[in-house]
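S.K.: According to TrEMBL, the record shows the following:
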{"type": "ACT_SITE", "residues": "His417", "note": "active site"}
{"type": "ACT_SITE", "residues": "Asp469", "note": "active site"}
{"type": "ACT_SITE", "residues": "Glu478", "note": "active site"}
{"type": "DOMAIN", "residues": "542-622", "note": "domain 'Carbohydrate binding'"}
{"type": "SIGNAL", "residues": "1-25", "note": "signal peptide"}
Amino acid sequence: MRRGSVMGVLMVLMGLVVMPLLVNGGGHDYGKALSKSLLFFEAQRSGVLPNTQRVNWRSNSGLQDGKASGVDLVGGYYDAGDNVKFGLPMAFTVTMMSWGILEYGKQMAGSGELGHALDAVKWGTDYFIKAHPQPYVLYGEVGDGNTDHYCWQRPEDMTTDRRAYRIDSDNPGSDLAAETAAAMAAASMVFRTHDPAYSGELLNHAKQLFDFADKYRGKYDSSITVAQKYYRSYSGYADELLWSAAWMYQATNEEYYLDYLGNNGDSMGGTGWAMAEFGWDVKYAGAQVLASKFLMQGKAGRHTAVFERFQQKAEYFMCSCLGKGTRNVRRTPGGLLFRQRWNNMQFVTSASFLLTVYSDYLSSSSARNAITCSSGSASPSELLSFAKSQVDYILGDNPRATSYMVGYGSTYPQQVHHRASSIVSIKVDPSFVSCRGGYNTWFGRKGSDPNLLDGALVGGPDAYDNFADERDNYEQTEPATYNNAPILGVLARLGGGSGGYNQLLPVMLPNPSTPAMINPPNSTPHPKPSLPAPVTQTSSPIIVEQKATTSWRYNGRTYYRYSTVVTNNSGKTVTDLKLSLAKLYGPLWGLSKSGEAYAFPKWLNSLPAGKSFEFIYVQAASPIDVKVSGYILV
């Protein structure tokens, strides 16, 4: 269904300010809500699901994506209740998840959810790497909304058109390329300490994509016209270029990107647009908040005057949300920010995140301790308190006493507008669900969904706090990844507190709770699990031998360390070796990524006759499948 953000409202968002109704103040379990929110992303996965998949009613899907175009586009996320992969909202989703981790990763680690959050980001960035096969080529959509919406099928049963659509130098899409660059840049910081090689790969893609976006300018939906009905870029691409430049500067610390913000802030609207919304389409408020952060960090330099204008507009956004501005965001009688009747929740969670992070920027700043609005000042605690009120409304403190997060609380939506959750799991009933048969059997069914879409944030109530829990009420009952992504950081902050962190300083993320190469302190090594039998694969003249060298129990699961020895069984030297790895779910050492294949480690250029080299990986599964896909004998 359409999620559109209409540019015309940039000038007409008039506010109605009313006092919220008195609601239950018993408090919420923000840690539980965070855990559920992350589960939703697993339900939205496309591609080959890993053995760590917790949403077990889902199965593999979209396994031929990209094949007709000669590119591997398996993976990524379905955006909402349909089975299309839309690049622009997916990239925004990953950017916002990454931002939440960068600001509140320590709180996520404290609740045991950092590892799941990293997994959620990587599921998106792995797909973006595939979708960006050349510097000036980016695939921005798989599937067609028109044919997809004609059908009501599980992702596992899809019979709809899975055509892939791309932008390139002849068919540009600056907004799509810039947002994807922002996602890659933000994620590169997330993985900088956990996986430096992967972080570097993401940053290289981000640099190429930003160059692509800036050099070949144009709206992506003029090139990928099938997206216009669903994710039209009403705001154009100037906001994405500024937003992306801000992320590029944070990720690289290169003056070029700071200068880009300073030199283009006025001409591209960053210092001119006074915003009262933030979301997948309109990024100005996010760019303004990041520019304000740079100013408060003392990094603006010769661009200080421009960055002060960025900050004025950032604080205009805060004042509008608080109801203290000259053009305030409307609220429902129950106190929820209300922007539009169609999936209003996306704007609530995005605004709540900006309020939360700006509150902590102010608290960390020695120069400012409040913002000035037309109707009075606002302290950091007031900004955070208002963000909390929005989250509490979502979780059940509202006139209907309904949680708009599926699975949280005692009352929540039961008939979600979501194909996968509304049709019996293929693991329960593997019978094929046809395109129109799904509508006849499952769409019109009045019972609760057979699969719980845990953690999904639905579109939410109307302007008067009314909500109809009906599957065909897609304006209110359809969830979306970009509803959930911004709330991750807010929930982590509310559940974990400030912790005394200075949000203007670089954040060093702790290690998530993942298995190490040796027995962790709290692991249970006895009784020792039996090791899988060695596996030998030959593809003369290359021999591949695998065996598990150790194992351990951790959090109820058995992890294995596998040693894989590759031997040159010929009488010549092997160069340009390419290995294809399948069913790899854990970390790997001793190989270099080469496109979709793996090659010699960086310290090895060739393998003489009779010689071997070893690579190692760890996972809670059987050995991977290794195939020799190419080599040269010299």
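Placed from the backbone N, Cα and C atoms, the Cβ positions cover glycine too.
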S.K.: Given His417 (active site) and Glu478 (active site), what distance in Å do their CA atoms have, once rounded to a whole number?
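M.R.: Rounded to a whole number, the Cα-Cα distance is 5 Å.
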S.K.: Among the active-site residues Asp469, Glu478, whose Cβ has the fewest other Cβ atoms within 10 Å?
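M.R.: Among the active-site residues Asp469, Glu478, the lowest count of other Cβ atoms within 10 Å belongs to Asp469.
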S.K.: Between 0 and 100, where does the mean pLDDT of the domain 'Carbohydrate binding' (542-622) sit?
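M.R.: Its mean pLDDT is 83.
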S.K.: Please give me the CB contact count at 10 A for His417 (active site), counting all chains in the structure.
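M.R.: For His417 (active site), the count of other Cβ atoms within 10 Å is 25.
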S.K.: Write down the Cα-Cα distance for Glu478 (active site) and Asp469 (active site), rounded and given in Å.
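M.R.: Cα-Cα, rounded: 10 Å.
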S.K.: If you run through the domain 'Carbohydrate binding' (542-622) with DSSP, how many residues end up as helix, strand and coil?
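M.R.: Within the domain 'Carbohydrate binding' (542-622) the tally stands at 0 helix, 52 strand, 29 coil.
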